[in-house]
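Single-structure report; data block below.
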Amino acid sequence: MKTHFILLLIGAIVACCASAHAVQDNDSLDPTALRCEYLEEPVGVDSRLPRFSWRVESHRRGASQSAWQVRVARSSEALRRGKAELWDSGRTAGNDTNQIEYQGMALKSGMECFWQVRVWDEKGNVSKWSEPARWAMGLLNEQDWKAQWISCEDDASYHKDRSKLHLPAPRHYRKDFTTKREVKRAVVYASALGVYDLYLNGERVGDAYLQPGWSDYKKRAYYRTHEVTEWVRSKGKNAIGAVVADGWYSGYVGYGLLVGYGPDKVGRYFYGKTPAFLAQLEIEYTDGSRELVVTDESWRVTDGGPTRESDIIMGEAYDARMELGEWALPGYKAKDWERAVLASRNPRIDTVYTDRAGRKPVNLGFEKPPVMQSYMAPPIVATEELPARSVSEPEKGVFVFDLGQNFAGIVRLKVKGERGTRIRLRFGEMLKENGMVMTENLRRARVTDFYTLKGDPEGEVWSPRFTYHGFQYVELTGLDVKPELDAITGIVLHNDTPLTGEFECSDPVLTQFGKNAQWTQRANFLEVPTDCPQRDERLGWMGDAQAYIRTASYNADVASFFTKWIDDVEESQLSFGAYPDYAPYPMAHGGSGKSFGSGWTDAGIICPWTIWKVYGDTRMLEEHWDSMTRFMEWRYASTAVNGLGTSLGNPWGDWLNVGEKTPIEFIDTCYHAMVLDMMEEMSLALGRRLEAETYRERGEKVAKAFEAAYLNEDGTLKVDTQTAYVLGLSVGLILEDLRSEAAMHLAGKIEKNGFRMATGFLGTRSLLPALSEHGQHELATRLFQSREYPSWGYEVVNGATSVWERWDSYTKEFGFNGANGKQNAGMNSFSHYAFGAVMEWAYRTLAGIDTIGPGYRHVLIHPRIPGSESNPDNEVVDWVKARYDSINGPIRSDWKVEDGMLRMNVEIPANTKATIVLPSKDVSQIKEGGALVRLGEHFHSIDSEGDVTRLLVGAGTYVFELPFTR
Ligand code: RAM
């Protein structure tokens, strides 16, 4: 007996020791996907306390992390030796895998850092150390910048004739330099007032477009960090160069030309006249010495290169006969080039600037951006190529290529021909009946590229660099013979936010719509979340962004993209506290003191709140808290006496609704209540209890005012529009016990309207969620499946590959002139994501993937399966497959109704738990993996309530089966 006990004890000790060692079998929990500030191996990090994240992966059910340890060193070798001179967190209990702040030695400018992580699982087994990941710091202090802003010498006046386009050639800059020793590391920090491409020793550095990005250059400029160690030759001759175009700095922006904004109303020069460039190459030699090559007056500049015109909106013109040869290689004789000047040497240009807010004096001369900020979002790159599907010749010599998809980007032109032949490319989203490209909706955007051949017998290949278009069709003229199909290839450009969502269901129209929404997001996540990519607009419209952001987060990992844009939003905040109509905000849309709109201005709260919800990011909230507080104070102070909303700002309201106008005061009341709720929630998350209390009290006041002003005793509203009900329900302003009445009334209104929506941007976003939440799920599904105007399906059955701006952007009866034949074809984008916001409902409600609390730590799987009556017009949806790659890993919810059974496949990522809600109250009928569901190892709680059963589970994959009749 005694020996037996001792043996047992020894056994236990051995087992215990073994478990303290790294587990390597299939059961282990392994850290992967290491990221810093949401990016893989970023360079130019300018946060002094960067945040880490990783994922843990395991094949085991219920796998979770109980502790973690991060080590940071100056080299990966040091880590391998177990040395962490910058930071060793030590074993830290907890299951956090993201938003983990660096807490080590002070990080310095330019520093290279290497980190790794190991984790302990729920049983105390420790993983191996992850492979080291790297990041590099940016320039943290103003004094780190030794480079000076340079420019060409420019004392010419600016373009003042609004009737003519002015499209100056980009400038080439260059400088030779010699390295004296063996190069260990070389990094360029670069920025431009304008947009730039960097070159080293003959090659373009990196694959990003439109660098450094758009900001209010008078307040702040982005810079990029390029690691160029590979490019720089040791102990030898080198050359650095750049091409710099106007970009957003001095080129055409938005609808400025159309409406006559800017200096002399010419629609350009929103920040200044002459582009400038800034670059600092830091070379570290193997002997530890350092050398800098910086922009200064020793650089040369020319505007004589092949690109003759270049503008983001208007297009690019390239004359291959003017190519500069090896201008970016060392030793190039820059004969006709001029000496660059310090940008500050160019004269001030005092003039008057006009926009809706009035006239104000401005200086178009150089002003040094007071703040340099690293660009910490995925760059704009070519993410895909689209070969042409067909080419037609609707008129003699006019060749029209169809790329099969509406997208944003550029084309690659491949041609052979005589020297001096000039090719013109025009772009459009749709074709007219005669087969010609439709360009009316481009308004004043020229959207035309030109290419002049040098006559290379081998053929010539060209793509523009500093423009982009929104299109599906390309019109090529200038060739006598019909070109081959491969003369045109589409190049898809956007900020490279990784795609995270997949949605498919038994109704192919909905599946296609989901794809269209994803494409439209890609077409518009270009530097800022734009409204549209084709016409002279392309602005970061706030109303569109707030309506769509949650859908955006299902489609792609948008954490860093929005982190960057919300900085732009704060920067654009108006002096009195409101957030403006779009960000950046180069021109005022509303009159003085009125440049905001209900629902649009609230994006400054809704967007950070959403990013916090989806990614658990509290730092963003902290960083913008002062700004958000200022906004809330303004919002509260500008309510009407009793807390009701006002109509002080821009009058868009439920923009592009179909014949039902909801008063702005009503909308304003609802949005105020919405952001008060969000602020209360965020205050609590940040431990700001007093503020939470204030927002709660204000929220109550607004709710009472709403009740008194708008709510009838029977749950109907005094404002009788679909959108009024949608907002009242979704914001929770309609008293709880009246909500189902109100939803029934809403349903009745929709029915009376022929089962058609009447909602615009604001109402549509929450229409289906409000219906589904309040007992009208069948109707919600029916609307989503509708193919009748106005509906999402109407677009799809009319051939859409993207989401349209208006429900009637195109109609069978009136083509591009809308439902009544009287629409303005110019205000008609075929790539506008706002109405695509319904995809949030597709993921959250139909597929049922959601988060309980912030950051998908506790996943909710609650698919709402439409009943058999849900659709008299179309086949009832009987299966859905959805996948969402959350910050913690992939979540899947697939369901199918078949032969009286519901089958569901669910995947929950390691280190999270999930509540799975199944549509049956009878637990004894629910099987998982072939066995009845039982409280125990896999199901931590089982509750039946109403018509559903809730199961609390850990990570893993689950296959459910239960009888189900609709
Ligand atoms: C339009 C934009 C945008 C909308 C505003 C009100 O010009 O396209 O989508 O938010 O106006």
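Cβ coordinates come from backbone N, Cα and C, glycine included.
Residues or ranges marked as domain 'Bacterial alpha-L-rhamnosidase N-terminal' by TrEMBL: 182-344. The domain 'Alpha-L-rhamnosidase concanavalin-like' annotation in TrEMBL covers 395-494. Annotation source TrEMBL lists domain 'Alpha-L-rhamnosidase six-hairpin glycosidase' at 500-845. Taken from TrEMBL, the feature domain 'Alpha-L-rhamnosidase C-terminal' applies to 848-929. The signal peptide annotation in TrEMBL covers 1-22.
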Practice task
Please work out the mean pLDDT for the residues of the domain 'Alpha-L-rhamnosidase six-hairpin glycosidase' (500-845).
Solution key: 97
Problem - Touch test for the domain 'Bacterial alpha-L-rhamnosidase N-terminal' (182-344) and the domain 'Alpha-L-rhamnosidase six-hairpin glycosidase' (500-845), at least 3 Cβ pairs under 8 Å - result: yes
Handout entry: Residue distribution over DSSP helix, strand and coil in the domain 'Alpha-L-rhamnosidase concanavalin-like' (395-494)
Key = 6 helix, 54 strand, 40 coil
Fill in the blank from the handout: Residue counts for the domain 'Alpha-L-rhamnosidase C-terminal' (848-929) under DSSP, helix then strand then coil, are 9 helix, 42 strand, 31 coil
